[in-house]
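A.B. asks: Annotations per TrEMBL:
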type: BINDING; residues: A:G89, A:D110, A:S117, A:N118, A:L119, A:H120, A:R121, A:K134, A:D178, A:N179; note: ATP binding site
type: BINDING; residues: A:C219, A:C222, A:C294, A:C297; note: Zn(2+) binding site
type: DISULFID; residues: A:C313-A:C321; note: disulfide bond
type: DOMAIN; residues: A:344-454; note: domain 'Rhodanese'
Amino acid sequence: MAEEVSCLKARLMEKEKEIVALKNKLALEKNSLIDLQEKVTTLPPLKLKAALSNEDIMRYSRQLILPEFGVQGQLNLSQTSVLVVGCGGLGCPLAQYLAAAGIGRVGLLDYDEVELSNLHRQVLHGEDSQGQAKAQSAAHAVRRLNSTVECIPYHLQLSPENALQLIQQYDIVADCSDNVPTRYLVNDACVLSGKPLVSASALRMEGQLTVYNYRGGPCYRCLYPKPPPPEMVTNCSDGGILGVVPGIMGCFQALEVLKIASGQGSSCGQQLLMFDAQDAKFRSIRLRSKQASCAVCGENPTVTHLVDYEKFCGSAATDKCRRLSLLSKDQRVTVQEYKSIVDNTAAHLLLDVRPLVEVDICHLPTSLNIPLSSLEDRKSEHIRVLKERIGRVKEQMSNESQVPVYVICKLGNDSQKAVQVLEKMSGSEVDFVTVKDICGGLMAWAQKIDPSFPQY
Amino acid sequence: MAAPIAIHLEFGGGAELLFGSVKEHHVTLPNQSEPWDMKQLLVWIRGNMLKERPELFVQGDTVRPGILVLINDADWELMGELEYELQDKDNVVFISTLHGG
Ligand SMILES: [Zn+2]
């Protein structure tokens, strides 16, 4: 009996210990749920730090003994706040190194949520943070790394209405955004509030970095007074990007921010750093000085308050793909309509106009691949194949009507352009054809018709 | 009479896609009565290297917005832009600005 009692008591103690452990874990998790800001609020000033604690000294010892940095550099860092605009491929490594080095306060801004296709380059987010606000997910990772860094996640879109109020509260701004309107907005807000802007960008296998509005140097508008035509702007989901490329550029941004924050200063104020990952080459370019004619930082500025940047650039402040609408309704079919054409085994030609590298990822079994660029350039070997395939479909058809050609791509933009090209060719460069595009492309096919078809 | 000059052209940031995805080009500009300047180089590139859609590269007599021009590793604004007189062995880079992140 006594033995049983002591045995139960022992088990009870064990369970109690378990409860304490679980409670601690819960408290820790609650603690780590950082207040996500949905709008811009006024922050209290950073707490002044007169001296480093013993823990600080141990933690930062390896950078403290650098003569370029030293105790004063560390104290300067702890007094500096940095706004990171965009928690993606650039913002993740940037925020990570700023937090690790002991920056005083970091604002993490992103309107987006974590998706599986982000994880190859946005290295602060994990599989378990899919669907979470990127700002929240990044804040968690930063908090885990260094709990002494004050971290403020903003789940919002930077806009002409909120940008000044937000940027005025930070010492340094880092542009890690992914679209043209936001880059002009951030630049103008930095000029109007007198903040240095550490700006980087990356695409495919290349990266660029400049510090704008710094020590009398040029601003983004001094270099690019006019925005590029929207059709010439490629985003990461269209052009592709190797994750480590923004990783390297984000680390470079962190370096320049840390140099400014610690007091050493940046040498990228009138300089463009270009990185070519394919050839493993860095190149430093001497840039123009601040332009007297600049619309925002010049002698007679015309931009004296924030304007409508989406209108100015003719594109949306997002890197999500644009939806073109070039064709009339009768020139388009839905994926459901195309499915019934396939089911009825109606004679037709399916033309996939994506680049070969994307066709290698996935394609429909009967499609003929001719990239849009080859059609536009009238590549002779492709036109020959096209003629041949149209001829074969014609043979299968019992009546004399025109051969139906259905054009598909990833999302239904290039396919519309291809329809326009093919209509010009119809009856002259190739036999008469009736061309239609498949709305929404292969991604609509995957979502609505065949869930086993890969999405990318 | 100006002698023909050999220059090195580079395209980057996506601008190379307009030139058959080839980043580096060694070209020789033929001799002509006056010296070659950047304005004439753009006309020459348009006529000799850009087969399709030249408007994606040049607009009017200069490059389209969003392309930065570098002459011998310096912003062309520091070198006189369109009026810069090209020298033998000059290095001219046309770089499309990146916006992704
Ligand atoms: Zn300016």
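Glycine is no exception: its Cβ is also placed from the backbone N, Cα and C atoms.
TrEMBL: automatically predicted annotations, no manual curation.
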A.B. asks: List those binding-site residues among A:S117, A:D178, A:C219, A:C222, A:C294, A:C297 whose Cβ lies under 8 Å from any Cβ of chain B, in sequence order, or write 'none' if there are none.
C.D. replies: A:D178
A.B. asks: Given A:R121 (ATP binding site) and A:C219 (Zn(2+) binding site), what distance in Å do their CA atoms have, once rounded to a whole number?
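C.D. replies: Distance (Cα to Cα, whole Å): 28 Å.
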A.B. asks: Limited to the domain 'Rhodanese' (A:344-454), I'd like the whole-number average of pLDDT.
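C.D. replies: Taking every residue of the domain 'Rhodanese' (A:344-454) together, the mean pLDDT is 94.
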A.B. asks: Sequence gap of 6 or more, Cβ distance under 8 Å: name the residues on the same chain that satisfy this around A:G89 (ATP binding site), in order along the sequence.
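C.D. replies: Listed in sequence order, they are A:R121, A:Q122, A:C176, A:A202, A:C236, A:I241, A:G243, A:V245, A:P246, A:G247, A:G250.
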A.B. asks: Could you check the recorded positions A:L119, A:C222, A:C294, A:C313 and say which one's CB has the most other CB atoms within 10 Å?
C.D. replies: A:C222
A.B. asks: Report, as a single number, how many Cβ atoms besides its own are within 10 Å of the Cβ of A:D178 (ATP binding site).
C.D. replies: 28
A.B. asks: Compute the mean position of the Cβ atoms of A:C219, A:C222, A:C294, A:C297, which form the recorded Zn(2+) site, and then list in sequence order the other residues of that chain whose Cβ is within 8 Å of it.
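C.D. replies: Counting only non-site residues, the set is A:V191, A:Y212, A:N213, A:P218, A:Y220, A:R221, A:L223, A:K290, A:Q291, A:A295, A:V296, A:G298.
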A.B. asks: In sequence order, which same-chain residues at least six apart have a C-beta under 8 angstroms from A:C297 (Zn(2+) binding site)?
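C.D. replies: When sequence neighbours closer than 6 are ignored, A:C297 (Zn(2+) binding site) has A:V191, A:N213, A:P218, A:C219, A:R221, A:C222, A:K290, A:Q291 within Cβ distance under 8 Å.
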A.B. asks: Calculate the distance in Å between the alpha carbons (Cα) of A:D178 (ATP binding site) and A:C313 (disulfide bond), and round it to a whole number.
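C.D. replies: Cα of A:D178 (ATP binding site) to Cα of A:C313 (disulfide bond) measures 14 Å after rounding.
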A.B. asks: Where DSSP helix means H, G or I and strand means E or B, what are the helix, strand and coil counts for the domain 'Rhodanese' (A:344-454)?
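C.D. replies: Secondary-structure breakdown of the domain 'Rhodanese' (A:344-454): 46 helix, 20 strand, 45 coil.
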A.B. asks: Give me the long-range Cβ neighbours of A:S117 (ATP binding site): same chain, 6+ apart, Cβ under 8 Å, in sequence order.
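C.D. replies: Expected: A:S237, A:Y456.
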A.B. asks: Please classify the secondary structure at A:S117 (ATP binding site) using three-state DSSP.
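C.D. replies: Once the DSSP labels are grouped into three classes, A:S117 (ATP binding site) ends up as helix.
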A.B. asks: Around the C-beta of A:R121 (ATP binding site), how many further C-beta atoms are within 10 angstroms, looking at every protein chain?
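C.D. replies: I count 23 other Cβ atoms within 10 Å of it.
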